[in-house]
Structure formats: C-alpha cells, structure tokens
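Peer 1: Handing you a structure now.
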C-alpha cells in the first residue's frame, strides 16, 4: 500500500544498492530530516531542550553501541565509561584553550585508544566473559575519574564547560546545541547506514556471525574486532563531548556510572540489534516511557481524583516501564525495529498475505 | 491405519515468506515414507512443522492440519509431541558434544519413569549400534560423522517413538556408511515397527528402502506414489536418479522435462 514495490523496476545495479531503494522510504527519510531541521519552529523550546535534544544525543550514543553489539557482535557493558572518557577529555581540552571541534575529535581519539585496550580482551574471550571484561572497564574508568582530582576535580566536584563555538557559531542558548547534536547524529547515522554496504561492514557481519568461519574466508578477525572497538569507542567519545558541551554543560562523575551503560545496552536491545532505526526507537522508549508513565500517573492522581499514595506513585511507573521492556521483547525479541519491519513487510505485499522469497 | 496425516498445510516464515503450500502427506503405521526434492524445496520445513520446531526460525503453520493418531497436534509444543511418540532427528546430527554417547542417550529419557526400562533401552541401542558401545569412553564431539549420525538416531529411538522423522541421515557420509545407516533404518522400521518419514537428497538410497515417496518442488508436492512407481518414472529417473543411461544425447530435447510440472 504505502511501500508499493510492484511496478518499481530498477534497471541499474546502483539503483538497487541505494540506501533506500523504495521511493516511499526515501520520502519518509527526507520528511523526518526536514522535521528535525525545522523542529525549533514547530515545537516549544522547552520540549526541544528537554526532550528532542537528549533524544538526538542518546540515539547517537545508541548508534555507536549498536555498531559494536549489533554490527560486530561484541557485547559492551562499559559504554558509559567510554562516553565519560570522551566527555572529560574534551572538556579538559576545551578548558586548556583548544577549539571545540578539535577537542571533540581529541575526546573521541582518547576514548578510542582506551576502549581499544579493553576491547583487546575480545580477542581472547567471548560472550559472558567479554561482558565481564567490559564491566571491569566501567569500574576502572569510574575509579580513575573519581580518584584523580586532576581529572574530575575531586569526588563531589562538577566540571564547568566553558563557552565554546563550533564552526564559528557560539554554542549557547537553545538552538546552537541542538543543531550541533543533530549534525553529529546525522554524520553517525549516515556512517551506520552505509556500513552494511561497505566491505568493512560485511567483514564485521562475518565476525559477528561466526568468527572462525570469518577467519577461514580470509577476514582478519584480530584486526576487525579491534577496529570495531576503536570505531565504536570513537563515536562514544564524540557523543561524550557533545553531551558535555551541548546538554549537561557541567559534568560530574556520577553522570557516567554503570546505570548509564545498562540503559544504553537496553536502548540497543529494545530498539533492535544491528538496526539503525532501532537505535532511535530504543532511545525514545528508554528516555520517554518513564516520563510519560509518570505524567500519566500524575494526571490520574490530580485530574481523575484517584488516590494514589506517593510511594506507589514513584514506584508504579518504574515497574510498568520494566514490564513494558519485557513485554516488547516477548512480543518481538528482535526489538522495536523488527516490529516496524513486520508492519512494513505487511504493507509491502499487501493486498496479498505473503510473498515467495 | 494412518499414523500421521498432513492436510493441506501452508508454512510462512517471518509472517511474509511463503515456504510450503498445500502439502498433504500421509504416513501409515509402520510405514517407511520418503520425501524427495532439491535443495530449498521445503522438505526440512515440512519436518519441522511436524515436530514443532518452526518457532525458533520465526516460522508458523498458517493453514491446514497435522494429525497424529487422529488428534490434531499443531497446538502442542515439541516436547509434548515427543511424548506422543513422534521424534525428529535433526539435519546435521546435533549431538551433545561434551557428553559421552551413553549420556547423550540418557538425556533423551526424561519421559520414562522406570530406570530398568531405560537401562534396557540403552543396551538395545548399543546392540543396534555396536560402534557406539566401543566409543563410549570418548566425548560425542570426538566421534566421527557416521558415529554421530548413529548416536543421533539412537538418541531419538530412546524416546520409544511410533514415528521417527529423519532429516538427511546420509549428510556428509561416505557411500559405505550411507548403506549401513540405511540398513539400520530399514531394520528399525521392520523390527520395531516404527514408522519412518525420511527426507533425503540421495534419491537412489531413499527409494530403495522406502515403500512410498513424495516429490516436492518449490514448496509443493508434484508427485507421489509407491517407491516402485516413482523409480520407474522417467522424470524422476532423469532428474533425481541419474538415469538416462544409454540415452542418445543428440536426440534429447534441449529443455528439461521436469519444468513442465510447474507450467
């Protein structure tokens, strides 16, 4: 129906290899891009700063983690630490007088270097053991940041981010941070979309599916596992600097603890492993579900006159939020992106029920 | 008496991809029926729909009935179907690699309460496959391909099935071993009166042991009958049995006969 495929005939190979071969998908992507560009005109500033901006930033982070978990099949429970390294490194660089553009890349490079060292354990261990190794990274980085006053400024200290400018535009107010975050998100999204069309992406997919089968067809698993950690950590570091400069504006160690890593893993899994779209869906669910549920209960309490004790009001949304994640994963283990894909498939073959593969 | 009947089943993967359509198969009690067909024809899919293993592969029977001893089993989960007497030997063997052959056999006895009965069954398997008794010290992962196939079949027999579904038992085995495996299948069928539904690429071997057979192409049954009838069919001979010996190739038409079925 919407995604009409019948009648669309590609006559050149490159047409078929486009990111979105179907016109409907192309138009949808363009529409969403335009909506994101003109969002400041369309929605209230409050919503822009407190909903859209974090969504864009956390989606970028989820994309970076999805690159590693969905693309290369390596689990990472310390992605919050990767983001922390990028955030602290870039803030220190900015404070030392480096321009923000360079500090962003510098933060990414430092994250990538540290992430790769811990990622090197992936060459020896897999699955649960790798989860433990990356968990160790989370704790070690947390410890180092807290214990070295030169980095964090002390246990309780927050590090202010000085005024910076990005490509000549001062990153202050509501608009500039949003557009900086959107630009980074766009770049990462384009990279992820093109990944599966490149030999790099195919090599990673081979490593993910079965690393010794990849080795036996000439994919250097040593190199690609390290590269996967490098690239993913680089994205994490850049997101960290964007997060610090555009959103938090003052960073402290407790913003990057284990619960952040777990939330990021949840975003990736609920959204859909290996799916670009899924990272956005997952980030949206993890970010907004608790807020919406909270507001719903607040509304129920105040407007509908339901008597809900404060204890219950603070806990029930969290329980429902947990139940929602479990429910989505039971309904569709491959995540929200797969639910969308099922719907799309349904309309692709509509009015028929199924097609021959 | 019909033991297993598939009535007009349709299997869809991932809600949209149609793999099998309009397939009806009957296996009589104590019968030995073969399913033949090329790669990707849908043979394994049919076996999985019978044993209930479609779900992990995101497939579902979207149409039709599967009855075993007269009752519909589509709603039952795989372990329940095994308890009813229907067991599936998976393609590619899938033995438990870190267990010894005997432990592998014992793993399949959770439905038998009586220990002496289990011991008797293990003894019976070791008599059926003496090679397994010889290799009982080593882990199943170190067994050869043929031994692992014997173990997989023996493991299935431990459940005392009325019907055993065999998916390509000759996969990756030397011709000599293929003969041995098929001999065993025939013995199981004859001596224990266990019905067998056999999926096989090796059509010669399969038609030698089977009483009747179905030919599947692109998810549909295109031919069925007793093994002798199928064996003498010229299309089968040309396409599956490597027949046509003594054919004058100058006279052969340049299209394949089997294409006509689908027209």
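For all residues, glycine too, the Cβ spot is worked out from N, Cα and C.
TrEMBL labels come from automatic prediction, so no person has curated them.
Here the structure is a predicted model, which means the values were calculated and not measured.
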Peer 1: TrEMBL lists transmembrane segment for one of the ranges A:314-331, A:332-349; which is that range?
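Peer 2: In TrEMBL, the transmembrane segment feature sits at A:314-331.
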Peer 1: Out of A:10-26, A:27-43, which range is noted as transmembrane segment by TrEMBL?
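Peer 2: Of A:10-26, A:27-43, TrEMBL gives transmembrane segment for A:27-43.
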Peer 1: From the ranges A:203-226, A:227-250, grab the one TrEMBL calls transmembrane segment.
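Peer 2: That would be A:227-250, per the transmembrane segment entry in TrEMBL.
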Peer 1: Any contact between the transmembrane segment (A:75-94) and the transmembrane segment (A:262-293)? By contact I mean 3+ C-beta pairs closer than 8 Å, pairs at least 6 apart along the chain.
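Peer 2: Yes, the transmembrane segment (A:75-94) contacts the transmembrane segment (A:262-293).
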Peer 1: For the transmembrane segment (A:49-68) against the transmembrane segment (A:128-151), do we get 3 or more Cβ-Cβ pairs below 8 Å once near-sequence pairs (under 6 apart) are dropped?
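Peer 2: As far as Cβ distances go (cut-off 8 Å, pairs 6 or more apart), the transmembrane segment (A:49-68) and the transmembrane segment (A:128-151) do not touch.
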Peer 1: May I ask you to check whether the transmembrane segment (A:128-151) and the transmembrane segment (A:176-195) make contact, with contact taken as at least three Cβ pairs under 8 Å and only pairs 6 or more apart in sequence counted?
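Peer 2: Touching, no - the transmembrane segment (A:128-151) and the transmembrane segment (A:176-195) miss the threshold of 3 or more Cβ pairs under 8 Å.
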Peer 1: Take a look at A:100-121, A:176-195, A:262-293, A:314-331 and tell me which one has the most Cβ pairs under 8 Å to the transmembrane segment (A:227-250).
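Peer 2: Result: A:100-121.
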Peer 1: Mind checking which residues reach the transmembrane segment (A:262-293)? Cβ under 8 Å, same chain, six or more beyond either end.
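Peer 2: Non-local partners: 51, 54-55, 58-59, 61-63, 65-66, 69-71, 75-77, 79-80, 189, 192-193, 316-318, 320-321, 324-325, 328-329, 334-338, 340.
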Peer 1: Are there residues at least 6 beyond the ends of the transmembrane segment (A:100-121) whose Cβ is under 8 Å from a Cβ of it, and what are they?
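Peer 2: Beyond its ends, the transmembrane segment (A:100-121) has Cβ neighbours at 74, 78, 82-83, 85-91, 93-94, 130, 133-134, 136-137, 141, 164-167, 171, 225-226, 228-238, 240-242, 245.
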